[in-house]
Amino acid sequence: MTAFRFDNSYARLPANFYARVQPTPVAEPWLIKLNRPLAGELGLDAEALERDGAAIFSGNLVPEGAEPLAMAYAGHQFGTFVPQLGDGRAILLGEVTDAGGRRRDIQLKGAGQTPYSRRGDGRAALGPVLREYIVSEAMHALGVPTTRALAATATGQPVYREQILPGAVFTRVAASHIRVGTFQFFAARGDMESIRTLADYVIGRHYPELKTDEKPYLALLKAVAARQAALIARWLHVGFIHGVMNTDNMTISGETIDFGPCAFMDDYDPKTVFSSIDQFGRYAYANQPAIGQWNLARLAETLVTLFDPVADTAVNLANDALGEYGTIFQKHWLDGMRRKIGLLTDEDEDLDLVQSLLTLMQNGKADFTLTFRRLAASAENATADTELASLFEEPQALSPWLEHWRRRLEREPQPATERAAAMRSVNPAFIPRNHRVEQAIAAATEDADFSLFEALLDVTSRPYEDQPGHAAYAAPPEPGEEVLQTFCGT
């Protein structure tokens, strides 16, 4: 059997942080997909996992050294506070140290009921498991901090939702699964001792440089805010819409987590919403930075009494820290957008240049991903302008912007060929297009055909490369193929 070198620090925290629970065995598990490179990174034997991984990753066989538990947390869901949520269908097996010396969680999602399941069955359907595998690995390839997919395993038994669906278990790897909602769980109970214990644990695990800070808990809030600002800026750079930015889905580590109703934009529209449960657009594409700050304010509320013994001083420190978030986000976002349009230097007019392009894209219903990818070709040769402009409903509307952009490029130091290569390195050709994800899920769920799943994984693992044989995967959906709504899948 594969050896996992577990060292389970979270399981050594007080008992009110989690519930110990064993996975519920399933009927006939089989391994759909193993992420062999990630297994190697975690110090696991991929060959052995191909043989006996189905038993481990389904929950039928708990590996030696694992201490399975479900984590307690609360959270604001669409702005409404729920004092107890917790892992209702996810079980943390334990922690391993990877090849880079980083501590990583290994969690089974869909492994059975826990004390936090409420009325749920603790199971996952195949479709959401495949979606999370595809999108989390695509995000990693795009360079966006994210939890990872180690394995997808079929359970051999059905789950009952609006219809009967094949069941599966997703094996997730994360820097940790500690969320803003983890702090809220203890704050809701007035348990400041546990908040301090959790904060000390987080500092030791994720932010050890803060241990010697004069105000370590305030520094923790600032550090989490900085990571979230950088993360959400990266989401916007690749057209990603999380869909369910509840406080229980915001990690303290700064990784993207929980891909239930997530999606990528096709035509650029800042108001884009895909999630079926986001009826009022709270988590729309352009709202994500502000929601990030709102969530961080909820984190600050749990920590504020640790900032200073004088209440007014503590509140002022918290507000100042939260105020820095917007500045940090704007810098990350604008720096990234500069790179997307080929700029290395900073000029005051750059924000207007970026915003005017986005306005043209919105008015012209231009594809977000393809616009920036084709702009790289135009940076090298103006003959590519026609193909770029064809993405817009009124192609000629782009011409004045291109003239303005080229005048700005004249003040840049890079040769055109280097600039185009740099732009291609930040503007993907391939993303997990929503219609392609749905096609892959449908083939697997309805026909047990995983070929589209495998093909999509392959293409999106190299998002910045031109892949001439896979041009169809770069294309927007045809009429009738558009995905207008996504679902949580729980």
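Cβ coordinates come from backbone N, Cα and C, glycine included.
Record features, source Swiss-Prot:
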- Gly86, Gly88, Arg89, Lys109, Asp121, Gly122, Arg172, Arg179, Asp258: ATP binding site (BINDING)
- Asp248: active site, proton acceptor (ACT_SITE)
- Asn249, Asp258: Mg(2+) binding site (BINDING)
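Mapped onto this structure are the features recorded in Swiss-Prot.
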residue: Gly86; record: ATP binding site; DSSP (3 states): coil
residue: Asp121; record: ATP binding site; DSSP (3 states): coil
residue: Arg172; record: ATP binding site; DSSP (3 states): strand
residue: Asp248; record: active site, proton acceptor; DSSP (3 states): helix
residue: Asp258; record: ATP binding site; DSSP (3 states): coil
Original post:
Rounded to the nearest angstrom, how far is the Cα of Asp121 (ATP binding site) from the Cα of the residue listed as 'active site, proton acceptor'?
Top reply: 20
Original post:
Where among the recorded positions Asp121, Asp248, Asp258 do you find the Cβ with the fewest other Cβ atoms within 10 Å?
Top reply: Asp121
**OP:** Just report the maximum Cα pair distance in Å for the recorded ATP binders Gly86, Gly88, Arg89, Lys109, Asp121, Gly122, Arg172, Arg179, Asp258, no decimals.
**Re:** 23
Subject >> C-beta crowding around Arg89 (ATP binding site), within 10 angstroms >> reply: 22
Original post:
Between Arg89 (ATP binding site) and Asn249 (Mg(2+) binding site), what C-alpha distance do you get in Å?
Top reply: 15
